[in-house]
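Here is what TrEMBL records for this protein:
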- 42-291: domain 'G-protein coupled receptors family 1 profile' (DOMAIN)
- 26-49: transmembrane segment (TRANSMEM)
- 61-80: transmembrane segment (TRANSMEM)
- 92-121: transmembrane segment (TRANSMEM)
- 141-163: transmembrane segment (TRANSMEM)
- 199-226: transmembrane segment (TRANSMEM)
- 238-261: transmembrane segment (TRANSMEM)
- 273-293: transmembrane segment (TRANSMEM)
Amino acid sequence: MGIWLNQSSIDGFILLGIFSHSQTDVVLFSVVMVVFTVALCGNVLLIFLIYIDPRLHTPMYFFLSQLSLMDLMLVCNIMPKMAVNFLSGRKSISFVGCGIQIVLFVSLVGSEGLLLGLMAYDRYVAISHPLHYPVLISQRVCLQIAGSSWAFGILDGIIQMVAAMSLPYCGSRNVDHFFCEVPALLKLACTDTTLFDTLLFACCVLMLLLPFSIIVASYAHILRAVLHMRSAQARKKALATCSSHLTAVSLFYGAAMFIYLRPRRYRAPSHDKVVSIFYTVLTPMLNPLIYSLRNRDVMEAL
């Protein structure tokens with residue numbers, strides 16, 4: 001705690017951001033703010049619909065409401081501070097504020113990755129074992145899946161935040177990012193971070209590849225079940241129920257793996273910032289659109 005107090009007595013950090021005040025960047029900033037507003041409204045509306053409409057009180061929509069809640073918290077954790085810094089020109093963030101951004105960001109991204117993985121298992125049971133679905137995916141199982149996703153994500157977030165905030169920062173305070181992200185922060189530490197870098201990489205591999213392996217295994221079984229279906233209409237319906245989830249998975253894991261599973265020598269801050277915009281605001285905007293526009297039940301509820 002003493003380290004934290006000593007660190008926070010210094011003026012925190014400077015977030016260099018992603019936009020300058022050129023005319024082109026002002027337009028791009030405006031576009032990002034529109035995307036943020038759509039993400040905010042879309043996820044709030046989807047959570048509200050799932051809560052009030054009895055037709056949407058099923059395991060799949062319960063998981064979807066949790067996904068929307070994670071997306072909602074993710075955009076609210078990063079975008080308002082980025083907007084305030086850009087409009088005011090201050091670019092600063094306190095030491096405590098930086099720690100809060102880290103723990104929320106890592107927790108939410110980790111939880112969302114795990115939830116998307118476990119949602120693939122839900123789709124597998126629905127298609128391969130439809131008669132046993134109410135038993136295998138009961139209300140208790142739903143709560144366990146959602147609870148474990150949140151718990152592992154939060155644990156990951158706390159570990160990374162405590163480790164990052166305990167390092168000594170005695171040189172430059174300029175974080176080459178638009179929010180406090182651990183890899184960008186580590187570059188400013190005035191100590192050897194090789195061990196922490198290795199642990200961080202291992203943690204990312206575990207939190208990304210474990211749920212991704214569940215997704216691959218589940219969809220391999222789904223594909224086998226679909227190929228054995230005699231009715232073309234049944235095959236089409238089964239694939240339609242999976243298409244929204246597969247689209248969301250592709251968007252999330254494509255961006256996350258590009259950032260966190262590349263060797264350090266191939267990483268460039270400019271690339272990381274652009275891709276971070278993709279999964280901190282664009283994916284949270286697209287998820288409710290993907291699940292609502294391609295889903296008859298949600299459209300009817302709307």
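In case you wondered, yes, glycine gets a Cβ from its N, Cα and C as well.
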I'm checking region-level scores; what's the whole-number mean pLDDT for the domain 'G-protein coupled receptors family 1 profile' (42-291)?
86
Do the transmembrane segment (92-121) and the transmembrane segment (26-49) come close, with at least three CB pairs under 8 A (pairs 6 or more apart in sequence)?
no
So if I exclude everything within five residues of the ends of the transmembrane segment (26-49), which remaining residues of that chain have a CB under 8 angstroms from its CBs? That is, six or more out.
19, 56, 64-65, 68-69, 71-72, 75-76, 79, 83, 86, 277, 281-282, 284-285, 287-289, 291-292, 298, 301-302
Should anything in the same chain at least six residues away from the transmembrane segment (141-163) have a Cβ under 8 Å from its Cβ atoms, list it; otherwise answer none.
59, 62-63, 66, 99, 102-115, 118, 121-122, 182, 196, 199-200, 203, 207
